[in-house]
Amino acid sequence: MGGVSVDEAMRRAIELGARGLGTTSPNPVVGCVLLDPDGTVVGEGFHAYTGGPHAEIVALAQAGERARGGTAVVTLEPCDHTGRTGPCSHALIRAGIARVVVAVPDPNPVASGGAATLRAAGVRVEFGVRADEAEAGNVAWLTSMRRGWPYLIWKYAATLDGRSAAVDGSSMWITSEAARMDVHALRGTVDAVIAGVGTVLTDDPRLTARNLRDGTLAIRQPLRVVVDSAGRTPADARVRDGAARTWIATVAEVGAGPDGRVDLPALLAELHHRGVRAALLEGGPRLAGAFLAAGLVDRVVGYVAPKLLGGGPTALIDAGVTTIADAIDLELTDVTRVGSDLRITALPRKREA
Ligand SMILES: NC(=O)c1ccc[n+]([C@@H]2O[C@H](COP(=O)([O-])OP(=O)(O)OC[C@H]3O[C@@H](n4cnc5c(N)ncnc54)[C@H](OP(=O)(O)O)[C@@H]3O)[C@@H](O)[C@H]2O)c1
């Protein structure tokens with residue numbers, strides 16, 4: 001068997017890293033492939049869960065002595081600090097690794113410095129192999145670490161004519177069961193789910209990640225956040241059912257924005273402080289409008305059902321747009337049919353300051 005190229009090994013490391021998505025937060029997803037001096041794969045690993053061994057440590061344990069003189073191919077710069085596990089930089093040096101190839105540098109001021117430590121020990125370190133791909137696989141974590149607030153995905157469901165509820169307020173269900181199952185899977189990949197008190201008062205959602213067929217809860221539940229300026233969430237609201245952690249974010253706790261309601265940047269900063277790296281904004285239309293108007297949404301995921309209502313609230317209200325020239329421009333990145341509905345994924349284009 002011939003050896004594999006560093007590029008091919010990185011493709012595999014990125015694939016491995018993705019397996020940890022949703023269970024590593026507040027840590028990143030990381031994959032690692034070890035090659036011996038002939039380019040033969042002698043170890044593979046990924047960071048699977050918070051507090052668990054890092055990708056490099058898993059791969060080194062597999063490789064044992066065969067790692068000596070070899071190359072470590074890692075999606076993110078090896079850490080240099082002692083957290084729940086020892087520094088990976090030291091473990092790679094101890095194992096006799098000669099060369100480390102990294103896709104993306106670590107933006108985390110606490111953990112970075114791995115490359116410098118490795119170089120000081122005589123290990124060759126290179127950056128940038130498949131960097132865009134690795135960046136995309138870790139986009140939520142990298143974005144949130146660089147700027148200090150969570151990566152925010154706004155998810156909504158609407159009819160083909162853009163309605164999020166009927167004239168009488170009923171909205172269950174606009175989309176098919178398949179689309180709703182897809183949403184539960186999406187909830188399983190984030191650290192927090194955010195809803196406005198308007199949605200809690202109207203729909204009384206649980207906001208947990210669960211199997212819709214048998215109702216069983218996913219093992220890891222995102223923090224449920226209700227944005228509720230004056231604390232109007234009823235004592236018997238389902239979000240308070242104890243099935244997952246819940247934070248009722250009020251003005252008293254977070255502070256008020258210019259309109260006297262919960263200050264949204266302060267809310268996101270507090271979530272980051274609590275370890276939230278990716279969050280799912282589930283509405284409703286008014287809260288989504290406020291987040292979009294403030295430029296705080298990183299990704300839009302819309303489930304569009306082949307239904308028409310002709311009346312009722314629209315999926316988005318008051319997003320700070322009054323004329324067509326100010327429309328929030330999106331770049332479509334994916335369109336997938338889910339059950340009888342369409343799932344449209346798009347990224348807001350950065351606006352000129
Ligand atoms: N189709 C969908 O995807 C979807 C998803 C969710 C909901 N819905 C529908 O949406 C309807 C409820 O929507 P809604 O617009 O009334 O409620 P909402 O967007 O869930 O909540 C709006 C409320 O959030 C509170 N809030 C706190 N801080 C805010 C801020 N900075 N900016 C804006 N709001 C802030 C405000 O109440 P306070 O001032 O009291 O804090 C505001 O009235 C329901 O009919 C529900 O079925 C549809």
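Even glycines carry a Cβ here, placed using N, Cα and C.
Where the annotation comes from TrEMBL, it is an automatic prediction and has not been curated.
Long-range neighbours of Glu56 (active site, proton donor) (same chain, six or more residues apart, CB within less than 8 Å of its CB): Val30, Cys32, Gly45, Ala72, Val74, Pro78, Cys88, Ala91, Leu92. Positions annotated as active site, proton donor by TrEMBL: Glu56.
The feature Zn(2+) binding site is assigned by TrEMBL to His54, Cys79, Cys88.
Residues annotated as NADP(+) binding site in TrEMBL: Ala157, Trp173, Thr199, Ser229, Gly284, Pro285, Arg286, Leu287, Ala288, Gly289, Ala290. For Ala157 (NADP(+) binding site), the same-chain residues 6+ apart in sequence whose C-beta sits under 8 angstroms from its C-beta are Ser164, Ser171, Ile174, Thr175, Ala179, Val183, Gly302, Tyr303, Val304, Ala305, Ala315.
Under the three-state DSSP scheme, Ser171 (substrate binding site) falls in the coil class. As annotated by TrEMBL, substrate binding site applies to Ser171, Arg187, Asp203, Leu207, Arg210, Glu282.
Positions annotated as domain 'CMP/dCMP-type deaminase' by TrEMBL: 4-126.
Listed recorded positions: Glu56, Ala157, Asp203, Gly284, Arg286. Those with a CB atom under 6 Å from ligand 1: Ala157, Asp203, Gly284, Arg286. Annotation for Ala290 (NADP(+) binding site): same-chain Cβ neighbours under 8 Å, separated by at least 6 residues, are Arg261, Leu264, Asp318. Close to Ala288 (NADP(+) binding site), meaning Cα to Cα within 10 A, are none of the binding-site residues out of His54, Cys79, Arg187, Asp203, Leu207, Arg210. For the binding-site residues Arg187, Arg210, Arg286, the largest tally of other C-beta atoms within 10 A is found at Arg187.
Ranked by Cβ neighbours within 10 A across all protein chains shown, the binding-site residues Asp203, Glu282 are led by Glu282.
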